[in-house]
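Listed in TrEMBL for this protein:
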type	residues	note
ACT_SITE	Ser108	active site, phosphoserine intermediate
BINDING	Gly34, Leu35, Ser36, Gly37, Ser38, Gly39, Lys40, Ser41	ATP binding site
DOMAIN	26-176	domain 'APS kinase'
Amino acid sequence: MSTSKNITWHDSEVKKVERQHRNKHKSVVIWFTGLSGSGKSTVSVALEQELFKQQVQTYRLDGDNIRHGLNNNLGFSPEDRKENIRRIGEVGKLMVDAGLVTVTAFISPYREDRDAVRDLLEDDEFIEVYTKCSLDECEARDPKGLYQKARNGEIQGFTGINAPYEEPIDPEIVIDTEQNSVEESVRYIISYLKSHAYIKNK
Ligand SMILES: Nc1ncnc2c1ncn2[C@@H]1O[C@H](COP(=O)(O)OP(=O)(O)O)[C@@H](O)[C@H]1O
Ligand SMILES: [Mg+2]
């Protein structure tokens with residue numbers, strides 16, 4: 001809800017469908033969610049590269065990067081996590097309006113917060129990608145040493161250790177990063193985008 005008064009929405013004369021038409025693909029948010037270390041960043045980076053190679057206009061938003069800038073005033077309390085995801089959702093919506101295939105990689109542990117982003121967008125503009133990986137495996141990978149810090153009590157409210165992760169109930173896509181390679185996950189997502197006519201089959 002906006003707290004500013006005296007503001008009026010001003011429509012652009014260049015419409016989303018015109019941008020999509022010129023780009024020769026639809027625009028959408030591909031929303032990765034999963035535990036820290038599950039592979040959201042790794043798979044989303046590889047996906048963005050493959051989309052770019054296939055002439056798709058794409059942009060990636062990543063948790064750590066966004067927390068350096070746009071959201072550098074937010075921490076990891078449930079309220080701040082909610083606000084973090086709300087802002088990303090709004091940015092994602094702008095990017096969809098700009099005609100981009102937007103790839104986001106945030107733990108986004110709360111179902112309600114993810115669903116709020118889904119609700120911001122049109123029905124077919126939000127693809128939830130559950131990046132599935134057991135806590136044991138994420139902890140064994142520990143690419144940033146964060147699980148160890150959380151276990152040592154150096155980080156409070158760490159998802160999976162002392163803060164919850166709510167699995168998606170009915171995500172559009174599930175990738176299992178313990179069973180499948182990065183390349184297999186990317187191929188699977190690309191084939192979904194093609195079979196659902198988001199991007200061209202070539
Ligand atoms: N099949 C796989 N898919 C994705 N990541 C994998 C896979 N196998 C091993 N990894 C490793 O797991 C780690 C995932 O870390 P990262 O992508 O930063 O996770 P997140 O962004 O979800 O916190 C990386 O070190 C990556 O190399
Ligand atoms: Mg990451």
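Just so you know, glycine gets a Cβ as well, placed from its N, Cα and C.
Close contacts with ligand 2, defined as a Cβ under 6 Å from any of its atoms, occur at Lys40, Ser41 among the recorded positions Gly34, Gly37, Gly39, Lys40, Ser41, Ser108. Long-range neighbours of Lys40 (ATP binding site) (same chain, six or more residues apart, CB within less than 8 Å of its CB): Phe32, Thr33, Gly34, Gly63, Ala105, Phe106, Ile107, Thr131. With all protein chains in the displayed structure included, the most crowded Cβ environment within 10 Å among the binding-site residues Ser36, Ser38, Ser41 is that of Ser38. The Cβ of Gly37 (ATP binding site) has 24 neighbouring Cβ atoms from other residues within 10 Å, across all protein chains displayed. Residue environment of Leu35 (ATP binding site) contains 24 other Cβ atoms, counted within 10 Å of its Cβ in all protein chains.
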